[in-house]
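Working notes for the structure below.
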Amino acid sequence: MVAFFGLVVGLVSLGLASAQAVSTDGTCGGTGKVTCLGSSFGNCCSQFGWCGSTTNHCGIGCQSAFGSCTGSNPSSSVTRSTSSTRSSSAPSSLATKVSTDATCGGTGGYTCQGSTFGSCCSSSGWCGSTTAYCGTGCQPGFGTCTGTSISSSAIFSSIRTSSTTRTSSVMASPTASQSAQQCLNGKNVPYKMTSDTAYAGLVKPYNLRLPYKPAVVVIPTTNQHIQDAVLCASQAGIKVQAKSGGHSYASFSSGGKDGSMMIDLQSLQTISVDQAGVATVGGGVRLGNLANGIWNSGQRALSHGTCPGVGIGGHFTHGGYGHTSRNYGLAMDQIIAADVVLANGTLIKATSSQSPDIFWAIRGAADSIGIVTTFYLQTRPAPSSITYIQFDFSGVLNSKTTFTNTFLHIQDVAKNSSVTDSKLSFGVYLDNYGTYSLSGAYFGSVADFNSKVRPELLRTLSTPTATVQSMSWYDYLVKVSGKTTIQVPTTGYDEHDNFFAKSLTVPESTGLTSAALNALYDYLKTSGSVDYYIIINLYGGPGSAINTKDTAFAAYSDRDSLWVLQNYGSTSASIGFVNGINSAIINAQPQTGFGAYLNYVDPSYDAATAHKLYYGDAVYSRLATLKAQVDPKSVFWNPQAIGA
Ligand SMILES: *[C@@H]1O[C@H](CO)[C@@H](O)[C@H](O)[C@H]1NC(C)=O
Ligand SMILES: *[C@@H]1O[C@H](CO)[C@@H](O)[C@H](O)[C@H]1NC(C)=O
């Protein structure tokens, strides 16, 4: 700090305000009239009061009273002055697409040169202009790598003109994570860095196959912490993803790439239900605790998935199917309001009438739009009992004819309105051990199920081992969780798997054809020793509450599926096999428009393919327009985010 002080004194001759305090946290202006000049964050004070050296800071709106606003784009001026050497030394032919989302290199092959994020491509594939990007590991094929950063060289040259310099090591330019850290310190936001002992446990993903290293893990206890953290990340040029339960199949909750800011919502554990049955729920609540909490607040119920450890944040904002969804709708359909932190650090309440575009977008694409800190959910009175059904069939996987005819019959039942209505939900499960079972729930008595559904369901099929059992709502939740309790620890959650999964949404208009089922059977028989399972859940059919809505309701395009398949393989050894399951079906039904389900997010898709499969062109285009308005710097980012 002494060095900075000397620097400011030395710069008084440039005609700037004297004796201004130099920013130590990246902010400028404000009541303290803090200047950026001589700070480690860059010399320009942006219109929003952040120090930096990009056009965002030095360009339109730059506040000359709190720093310099000259050389509006230091990175481009450096590029100009050295362009002749660069064009010969850098293999510019390698990358010609200019990064629009701050990523570089990789399979997309984007270059940072000419981007608004800085012209250096860091070792982990981010554009920037500090030593973290231009120094060790900088990738010359995807931008420039000329020595030190713009801001640090500006400081060094200023120091040289000042007689009261310290050694240059004192003035080393901060890395992006150091500058985020300084900013977080300045705002008293709790966080852990890679050097902290708690870091490893916090970043250990559900899917162990995809471990990413966030630059920093923020552990907010207030909404203000989240707002501050998002601004700190934005200012430091770090990408942000929130972690609710951390079950993202692609580990997007830890960034989907090294070097992001993970905002771990584990402290947001509110669960309360008001007189109207509206539950106020913190963004870090896991599904088991949610179901338990609202049951204990007047025996209320919601529809959502069965895994108690899954967090509300990802599950509710990207669909959220459970065996009550054909009756109650998807998890997201029960959101009536949300408190959301946007990329500019603003906290808003979004409803169908207040910020309706953002309310629409967070239900389908919250990972790209904002962080939901609090959900407001319309609960229902839990039914006094529910009927659990399970039928285990033997030998289905021993014969192609049996395999195909069994499913075709189940599909007929699913579409038959004299059997199937909103009260019935089920899925078919099969695996490499020969298991073939149908299980689900019926909102009615055992006697009703046995008289109205069971005879037609089992007609033509070999006699299964059957369970048809009435249960209390709470016992049902425990039963389908596969555990002895649905309550989950709020800290130190430590369940993991190592897997690759894909989904396939099957339109109601076609269903699965016998050709596709035959092809699937033939393919499964090539499985060798790979461990896999397939779950085929019924979404559509007569009375489905899922499919009564459309894309005007939420940014979720899958409202016309009959089935949604989850194809799941253990360890990376199964990737090829699981991909082949999808291919076998798709190739046998080439005219069908299959899609994919967001909550089984598949990291093997490039961004454009993911956008098409998850959203379709119309929804994606509306989301992209909104993203450009509310998050123009792509602060909220993962490899398949809107705009990626
Ligand atoms: C629908 O189910 C009824 C039994 O409730 C059955 O008689 C009828 O044949 C079924 N229709 C089709 C198209 O399978
Ligand atoms: C933050 O972004 C929202 C959405 O774009 C906008 O409405 C709001 O005015 C912005 N707030 C500030 C302080 O810039």
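The backbone N, Cα and C atoms fix where each Cβ goes, glycine too.
Nobody curates TrEMBL annotations by hand; they come from automatic prediction.
Between C134 and the candidates C120, C121, C127, TrEMBL annotates a single disulfide bond, the one to C120. In TrEMBL, C44 is paired through a disulphide bond with C58, chosen from C28, C58. You'll find the Cα of C44 (disulfide bond) roughly 20 Å from the Cα of C120 (disulfide bond). The local packing around C134 (disulfide bond), expressed as other Cβ atoms within 10 Å of its Cβ over all shown chains, amounts to 29. By the criterion of other Cβ atoms within 10 Å of the residue's own Cβ, the least surrounded of the disulfide-bonded residues C44, C58, C120 is C58. For the domain 'Chitin-binding type-1' (25-71), residue counts in helix, strand and coil come to 7 helix, 9 strand, 31 coil, using DSSP. According to DSSP, the domain 'Chitin-binding type-1' (101-147) comprises 7 helix, 9 strand, 31 coil.
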